[in-house]
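Enquirer: There's a structure below that I have some questions on.
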There are 2 protein chains.
Amino acid sequence: MALVVQKYGGSSVSDAESIKRVAKRIAEAKRAGNDVVVVVSAMGDTTDELIDLAQQVSPLPPQREMDILLTAGERISMSLLAMAITSLGVKAKSFTGQQAGLITDAVHGKARIVDVVPTRVRETLDRGQVAIVAGFQGVTQSTNDVTTLGRGGSDTTAVALAAGLDADVCEIYTDVDGVFTADPRIVPSARKIDRITYEEMLEMAASGAKVLALRCVEYGRRYGVPIHVRSSFSGKDGTFVSADAYTARPGASAGSPAGTAGSTADLPEETVMEDPIISGVAHDRSEAKITVVGVPDVPGTAARIFEVVAGSGVNIDMIVQNVSAARTGLTDISFSLPEGDGPAAMSALSALQAEIGFDSLQFDDQIGKLSLVGAGMKSHPGVSAKLFGALRDAGINIEMISTSEIRISVVTREDSLDDAVRAVHTAFELDAADGEAVVYAGTGR
Amino acid sequence: MALVVQKYGGSSVSDAESIKRVAKRIAEAKRAGNDVVVVVSAMGDTTDELIDLAQQVSPLPPQREMDILLTAGERISMSLLAMAITSLGVKAKSFTGQQAGLITDAVHGKARIVDVVPTRVRETLDRGQVAIVAGFQGVTQSTNDVTTLGRGGSDTTAVALAAGLDADVCEIYTDVDGVFTADPRIVPSARKIDRITYEEMLEMAASGAKVLALRCVEYGRRYGVPIHVRSSFSGKDGTFVSADAYTARPGASAGSPAGTAGSTADLPEETVMEDPIISGVAHDRSEAKITVVGVPDVPGTAARIFEVVAGSGVNIDMIVQNVSAARTGLTDISFSLPEGDGPAAMSALSALQAEIGFDSLQFDDQIGKLSLVGAGMKSHPGVSAKLFGALRDAGINIEMISTSEIRISVVTREDSLDDAVRAVHTAFELDAADGEAVVYAGTGR
């Protein structure tokens, strides 16, 4: 018997019918002999509708009240799900973040989990019942106030509970079949990844893959929680995320046909033996580029620029400094950043112009970032050459480059990003052999 | 400076616009120097929509989950209201029933308040802020589970908080101008009642007047909380409910123009001096009548019948036993009861037929009940004669009669109830002199 934490996003519980379908799946997992804890997001568009209501009554709603408002969404979905499961003859009880013991700090809107004390969840399992827990929410220990965890909050709730309960696996149900070698909307021949390490998944998530929240993967890595990203629309295995992608899958895989779960016997041998250089190609359209033109090429200037930008609360991603043109003694410095941080960075830099004496600032939101992710990439020196070659052959210009142990990212024009992703995906032989069916339509929070 | 508890029903906060309007009213009360606590119901039809969702996923939802589901409604309205007030420059914080210290027993769906510990509400007032509290909900002390108070729950929350905080007045805002001498939809000339005692209000509420929940009036009477029923659409005084209808009104009446609140100086003298025989005419279409035909007229038979009916969980209202027909030794026993209790009562009585040996059972849901309510009625013996005379003159047959110290109720055919209400209202000179404007459209919970 395994202890399974299952997380269902908003698109999996968007109406009464889908709630009943999910309930059936949970009841089957329970009847198969597992202890089942379910984390659930708000139904479909509930959160957006509540945010819209808030904006109608207040231009700048206090975050504490916003958190109370938004947590109503999970309250609705979790109680409906418990009802639906109970009506199938399986006892289920729902718990708020507070009742489930998700203790957070007091930073409303993006609280961090400081402790998980799932006493009532454990009691519910011990009674042979299913425990449903509201995702995305917690409570402060000192004031008993409701908090929300911010983006990817429900995924994080699930992994945190799995860690707190020492669960065998944390299953993240979504509306896609798993993590793909590229976004199937751009690359129709993209393949589902069967196994991936936390580190690769972190790079994929940080580089724009949206199926798993970065924070949830970080939490999973820290506490060694095996994560299984899978579709709530099929019984097929999805993508296993763990410390070593090539160990056997975790014992519990509640939705799989009996006998196949927990073994690798059903996998083609070549998949297991294949050289694991490349996991996939991620892309990101959400960044912009700022270029500081005509910066005096003297020591400390670049440091001063990035000190000021960081001080304005902006997260810088990639940086490029041109070689100084000897005849002028001036250089250009470019960096990429989240598009939304653009105004803050531009305003901070403008205030610096007199002090540093650069010529001008350029803001460019028409960029795209492609990232090739794969463990062991560094030990295969041909990877970057192959990447640049593929882009050159496709006629795509590279504007910036950055690398990590297991990732190479390049910035291109936004309108050539899709072509770039397809070219690289093909060059690294990631394309599926046949036109295997792919479901992909974005994820809940 | 007064401490005012204001309660707004669902129809007063049905959308963003009405929430903003209510927020303005609350901010004015605060700026006028009052300490303000607000109890709020769920927005408009939210509760009905949630009940509908529950029925879609489960034929018989567990009450514990139902309570979690329904309390989402107040969570939404209370946080939106706090945001709207804050955006007007008045600090406001919202609290769930749990956070506001509304401790109940564990009877989900119709919990009783066992204690009120409004520590956080008091702290909020002490900081000069407005406290918004979710109506209709509480928490069990032992398990920390969410409960709901059942029908009229938000009114009861308001009065309970007013008692716990020793408030100067509990203002119940609704979509009508107050308590009327009759339902203005039936009697267009009905007048607003300026003052009424708890006892009279209890009789009105028990007899079908829907503007205040019976339970809320009972609570107010027990703890001596002055209640002011008034419209959220106007600044006019509504109806004051207190132990003595002829004392001065409570000091705080936050929504009234400065200077008039808390004094009776603006009232016409004849209103104050008028003989308080009749408060109003209530009516009720929600009852049915069961007649047990041909009951052997022997001692103990009636007792046995009502013992069995009570044992089936049915609340009997009025009872009539015909004089025994000497030639047969048989009698008929009729009683009225809530229409919804009809099946349970009929089935309990059928099972008794062999034992008692009555002829047959008749079920009649086409009855209406009219109740004339007024303190001091008993000391004016002409009242019932005048009532029966008015009905006779209007050609209306009386099927059952019951009386209390301050109420006379009669059962008529349902289709003559409206005529009966109008005839009695006129006979007791309750009609307004002119066609004063009346707002009436039902109330929130």
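Just so it is clear, glycine is given a Cβ too, placed from its N, Cα and C backbone atoms.
Owing to the predicted nature of the structure, the values given are computational and were not obtained by experimental measurement.
According to TrEMBL, the protein has these features:
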type    : residues                                                                          : note
BINDING : A:Lys7, A:Tyr8, A:Gly9, A:Gly10, A:Thr174, A:Asp175, A:Arg185, A:Lys210, A:Val211 : ATP binding site
BINDING : A:Thr47, A:Glu74                                                                  : substrate binding site
DOMAIN  : A:290-366                                                                         : domain 'ACT'
DOMAIN  : A:372-445                                                                         : domain 'ACT'
Enquirer: Spatially speaking, which of the binding-site residues A:Lys7, A:Gly9, A:Thr174, A:Arg185, A:Val211 is closest to A:Thr47 (substrate binding site)? Use C-alpha to C-alpha, please.
Expert: A:Gly9
Enquirer: Helix, strand or coil by DSSP: which one applies to A:Gly9 (ATP binding site)?
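Expert: Once the DSSP labels are grouped into three classes, A:Gly9 (ATP binding site) ends up as coil.
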Enquirer: Between the binding-site residues A:Lys7, A:Arg185, whose Cβ has more other Cβ atoms within 10 Å than any of the rest?
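Expert: The residue with the most neighbouring Cβ atoms within 10 Å is A:Lys7.
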Enquirer: Please report the DSSP secondary structure of A:Thr174 (ATP binding site), reduced to three states.
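Expert: DSSP assigns A:Thr174 (ATP binding site) to strand.
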Enquirer: Tally the residues of the domain 'ACT' (A:290-366) by DSSP class, grouping H, G and I as helix, E and B as strand, and everything else as coil.
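Expert: Per DSSP, the residues of the domain 'ACT' (A:290-366) fall into 27 helix, 25 strand, 25 coil.
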Enquirer: Mind telling me which of the binding-site residues A:Thr47, A:Thr174 has the densest Cβ neighbourhood, counting other Cβ atoms within 10 Å?
Expert: A:Thr174
Enquirer: Looking only at C-alpha atoms, tell me how far A:Arg185 (ATP binding site) is from A:Glu74 (substrate binding site), rounded to the nearest Å.
Expert: 30
Enquirer: Are there any residues in the same chain, six or more apart in sequence, whose C-beta is under 8 angstroms from the C-beta of A:Glu74 (substrate binding site), and if so which?
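Expert: Residues satisfying the criterion: A:Val40, A:Ser41, A:Ala42, A:Thr96, A:Gly97, A:Ala134, A:Gly135, A:Phe136, A:Gln137, A:Ser154.
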Enquirer: Within 10 Å of the Cβ of A:Gly9 (ATP binding site), how many other Cβ atoms can you find? Include all protein chains, please.
Expert: 24
Enquirer: In DSSP terms, helix, strand or coil for A:Arg185 (ATP binding site)?
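Expert: Reduced to three states, the DSSP call for A:Arg185 (ATP binding site) is coil.
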Enquirer: Which whole-number mean pLDDT does the model give the domain 'ACT' (A:372-445)?
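Expert: On average, pLDDT over the domain 'ACT' (A:372-445) sits at 80.
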